[in-house]
Amino acid sequence: MEEYKVTVATGTSEYSGTNNYIYVTLVGENRQSERTILDNPGLDFCRGAVDEYKVCSPAPLGPLLLVRLEKQRYWVEDNWFCRYVTVEPPGGGPALTFPCYRWLIGDVKVEIREGTAKRLCDDTSPQLLAHRKAELQERQTVYRSVRLQKCCYTHMHPPIYVHSHRNMNSHTCPNSNPSRKRALFLQLCLFIQMGCMGFWDSQVYRCQDRSRPASGQYCMEHWKEDWFFGYQCLNGSNPRMIQRCKELPGNFPVSGEMVQGSLAPRTTLDKELKAGNIYLIDYAIMDGVPTNVIRGKPQYIAAPLCLLYEHPDQGLIPIAIQLGQTPGLDTPIFLPNDPPLAWLLAKIWVRHSEFQVFQLLSHLLRTHLLVEVFCVATLRQLPAVHPVYKLLAPHLRYTLEINCRGRTQLVSADGIFKRVMSTGGEGLLVLSQREYKVLTYRSLQPCWDFQQRGATTLKDYFYREHSLMLWDAIHSFVSGMISVYYHCDSDVVEDPELQTWIKDIAEEGFVDVPTFGLSNELKNKAELVTLLSVAIFTSTAQHAATNNGQFDWCAWVPNTPCTMRHPTPTDKDAVTMEMIMDSLPDVSQTCLEMAITWHLGRPQPDAVTLGQYPEQYFTEPQAQEVIDRFRKELKDIEEHILSQNQGLELPYLFLLPSRIENSITI
């Protein structure tokens, strides 16, 4: 009788343990072990437990191929999260690790492989090849790519539709836990009531929220100042739109005389244009977007153009604003030397457009929904033993589930955005489809993005500096990991699973974007490394840049209002404080904006930070060495950013590696 020592590790998060029956069968090349119930004296499979068992076989199994786990109900259904299984063969040979990292839901049977990453060509066993094929066939029945022409609120991006929630992620989303959901609900209710009861003075539009972070307080104190407006164009929640202006757009008739007072002495607008010191933010994508109706009252939007100047002493400042794409008597150009309230209202309108674009396009579309394409393609086309699956899995954690929640709770026909945003409802769909049609692969790569926008020399552009450092670190990490498993370009070209994966991404995820610029085949290692770097950078650093600071910039609602309740002004001299107050969101809308930006931007209680891999998908020493180098590089970046921010009145810490999550979870 052959005796194998089997160790089973249960997850450490809430509800990971189970009181259901758990069986194990060891599958070897020659035969299978006995189907063995795992039952020690006392409680088995408690949260965080690592339990040891003995599994017997009447004869040697041969090289161990698979571990089969089965869960059966005992009294009531009780799901179980298994981290890994280790098997020590008879005679005390080296133990083999079988990573699992998944929930077993219902009466279910799963087979897991030993942790060494293998491409298809590395498998020669008929049993392992059959297992590889069966795994993908099962996943492809769960995750399907279809077009939902009638279901507009799920067709807001690349046409991906998740067919089943059953095994959507290796974890349940953190907000799925009932106790956590109840606590969150109570926090949100309390937060909203702070605004609606006793702490609100409608005359000065001031909400005394004591939980606001220091940067939020700073925003409330400086939001009217031109330099702070320019700072947010560089380092706010939407830092990707500013671009160098080489010549003024034909629909933005700003003359040198108009802005001369805003320029440095002894210079002109023409000189500054040629010197590359004039920048533009153009919200043309907002033009003609359908507007929302909230509680029976129409809301309003604008499609502004904003001209900015990098002043040698004052930094980046706005010097001209036009609140529409068509110039004319009813679309004046607002200037800093206009009546102060008129200039302030013009800046508020720009920041209002900023809220729509950053929430829906920069945040939802260009991070959440873009990464979803990689999620679905990876789950459909790569088995769990594939090195690219193992590389991406930690960076796709929770993303599909949080996206499904976003569709039902935020952007649905009766979701929160419909209740609070001026583009809520049909406008969300129109705006996202416009952005999707012009999305390009190159714009997702920081080095190309900054060059294309002519934003490589802007001072105090911390988002750019930190993004490039993180991109280089991620690219180096991915390159190192890929080189462990792909030694030459032909290894990439001849990997059929990898080629099917990229075909799924290009032809399903971005099929309706003719200018996206991603090939449906991988020709070399460099292309693979860049694509994987885009996926990981987007799901980590880029998401952090747009998500983590939104409460800081939006908690003081006049700085970034979610909606406007009156049309844009047509007469500069007619702007009054009463007009501004009547245009800004009302108390209810303000409370909702504060609550949702607090909820979306808050740190997650079980967050895994960038470069940390508690779920050890890779067991090879070479891969672990690459991960260690990545962590060291992230530590150096952390120290550089902290040193850079010492003494700054307004620190920029949103891209501090210790504050970046390893995946999109909120």
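Even glycines carry a Cβ here, placed using N, Cα and C.
Features of the protein shown, as given by TrEMBL:
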- G17, D78: Ca(2+) 1 binding site (BINDING)
- D39, N40: Ca(2+) 2 binding site (BINDING)
- H363, H368, H543, I666: Fe cation binding site (BINDING)
- 2-118: domain 'PLAT' (DOMAIN)
- 118-666: domain 'Lipoxygenase' (DOMAIN)
- W103: site 'Essential for stabilizing binding to COTL1' (SITE)
Spatially closest candidate among G17, D39, H363, the listed binding-site residues, to W103 (site 'Essential for stabilizing binding to COTL1') (Cα to Cα): G17
Fewest other C-beta atoms within 10 angstroms, as judged across D39, D78, which are the binding-site residues: D39
I666 (Fe cation binding site) and N40 (Ca(2+) 2 binding site), Cα-Cα, nearest whole angstrom: 39
Residues satisfying Cβ distance under 8 Å from H368 (Fe cation binding site), sequence separation of at least 6: T399, I402, N403, G406, H543, I664
List of residues, in chain order, with Cβ under 8 A from that of H363 (Fe cation binding site) and at least 6 apart: S237, H543, T546, N547, Q550
Output field, Fe cation shell: CB within 8 Å of site CB centroid, site H363, H368, H543, I666 dropped: L364, T367, I402, T546, N547, L600, I664
Inter-residue C-alpha distance, D78 (Ca(2+) 1 binding site) and D39 (Ca(2+) 2 binding site) (nearest angstrom): 16
